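*Asks:* This is the feature table in Swiss-Prot:
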type    : residues                                                                 : note
DOMAIN  : 10-191                                                                   : domain 'tr-type G'
BINDING : Asp22, His23, Gly24, Lys25, Ser26, Thr27, Asn138, Lys139, Ile140, Asp141 : GTP binding site
Amino acid sequence: MASKSSRSQEHIRNFCIIAHIDHGKSTLADRLLESTGTVDNRGKKTQMLDDLALEQQRGITIKARAVAMRYKRDGIEYELNLIDTPGHVDFQYEVSRSLACCEGALLLVDAFQGVEAQTVANAFAAMEHDLTIVPVINKIDLIHARPDEVAEEMMNSLGTDPDECKRVSAKTGEGVAALLDAIVDSVPAPTGDPKAVLQAMVFDSNYDDFRGAITYIRVMQGTVRKGQKIKFLRAGSVHDVVELGQFAPSRVPCDELVAGQVGYLICNIKSLGDVHIGDTISIAGNDPAPALPGYDRPKRMVYCGLFPSDGQDFSELRDALERLAVNDPSFEFEPETSDALGFGFRCGFLGLLHMEIVQQRLEQESDIDLVQTAPNVTYEITDKRGVTKNIHKPQDVPDPGDIEKFCQPIVRCNVIVPEEYIGPVMKLCQERRGIQKGHEVLGASRAMLTYDIPLAEVIYDLHDRIKSCTRGYGTLDYEMVGYEEADLCRLDILVNGNRVDALSVVCHRADADRRGRAVAKKLKSEIERHMFEVAVQAAIGSRVIARETVPAMRKNVTAKCYGGDITRKRKLLQKQKEGKKRMKAVGNVEISQKAFMAVLTDGE
């Protein structure tokens, strides 16, 4: 690639690939990179754009990526900028950032699995951004592929024309050349004046220990050059451009990027707070360009506590979280303390997979062993004085007598299932207190069920349960619809009369008895026996609803007595009883990390 990267705007195409998880986005991206000669056979590997170790390991895309490809047709060289996006519902924020940088989208659907819940959600998101959609049916090489039926499904659910669907096999490369032509013909060229005042959007960033923050940008107006002074409008900071360039797919420096191009900037930014994803970059002068409308800030739906297993690692955990926040601004954290687990952080996530991924990235990238508390959602509570506040952790829920109104978040779930599994899925949604809102037939054998379900019922294992009762064919997508009043309560766990804050949960009153008994029973089997008996109780306010007792270890004090008067034995047993009573009054019950983890990972 030449060092001077700018080119005529009508020869630039910015597009992304959107699809349900596992429909072959990253594999198709690999074929496009090979077909355009962006990577040679030496640099070839599978899932070239998934460069996080976790992405390669789990076979899913977590972070958005950008790569510039050169494609020659009829003697004209086109620049095709592909922005790879994640497919899972938890990474919707990454998808929306990618869509804001594109003019077109390849809507990829598996030729066997057909339209899935996330396909519908991503297609509507692309339509909201006014993107030109190119429908693509992938995996046509499969023995069980049914491209004609899938094209009909796409027409029924998304309104696409079956004749316009491009048919490809990302695995074998069949149909990829025709797809490249379709991108050039269908996706509009970017608009924007290269001579106007610089206006560029920050759509991602990551942190390099040697170079500082590497900022991914899409230039909307004007031109950015090496050595130029630029300003981050939201942060208000001014920096010199030390290096800029494009990804192919590794970094390739160039002298300038013009309106319509996608690339990266390095400004030796060491302060993590200076780069905000969604910020606007302009010239550092008196009249910079106006700020672009930012992305919608993502709402954190799920909260949990993260604590280092070893208290010595607290400052390392804080540094690791700060580094990760530069690259993934969709989660937030604040310090918190727990009597049981010590110092740690309360973290907010977009969903359960997002929480799991962040925890694994922290453990892999910073080598810290973590303990995680039970996930919970954000509740809205109005007290007797009429003051409404958001509650992120169960410990902050006031006593039942102080609550006027207790509201929980409700999500609208779209579940796409084969017809023969509709019954079990409806039963499952009703068990989770769901209210049916719609039932739509998608094709000959599949339907989309729409339910409003409390988010707290979704975050634990609804996705897994849907997969298991549909033999893996059901798919789930959800979006927030608002808050609704419900009969909720805080369930506390008391050990030896003391509340264990890390085990408190908010649950529906009708489910509290079952849940309390299950946790007490599990904890009884995990707590080590002491010299005195330990009571494990589940309580709502001051009312105990379940109790288990861990029996005491006792020494056989009457072993040395043989024959003789019974009063001698009674005297020794009474003395032992009094000693245990004294011990119980002053004794502390240690709950091991293992016991916590057993209860928290039990799904209860």
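Cβ coordinates are placed from backbone N, Cα and C, and glycine is handled just like the others.
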*Asks:* Ser26, Asn138: which of these binding-site residues has the sparsest Cβ neighbourhood within 10 Å?
*Replies:* Ser26
*Asks:* On the 0 to 100 pLDDT scale, where does the domain 'tr-type G' (10-191) sit on average?
*Replies:* 76
*Asks:* According to DSSP, does Ile140 (GTP binding site) fall in a helix, a strand, or coil?
*Replies:* coil
*Asks:* Taking the Cβ of Gly24 (GTP binding site) as the centre, how many other Cβ atoms fall within a 10 Å radius?
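*Replies:* A 10 Å sphere around the Cβ of Gly24 (GTP binding site) contains 24 other Cβ atoms.
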*Asks:* Suppose we draw a 10 Å sphere around the Cβ of Ile140 (GTP binding site). How many other Cβ atoms does it contain, all chains included?
*Replies:* 20
*Asks:* Specify the count of other C-beta atoms within 10 Å of the C-beta of Asp22 (GTP binding site).
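*Replies:* The Cβ of Asp22 (GTP binding site) has 16 Cβ neighbours within 10 Å.
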*Asks:* Please report the three-state DSSP label of Ser26 (GTP binding site).
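*Replies:* For Ser26 (GTP binding site) - judged by DSSP and reduced to three states - the answer is helix.
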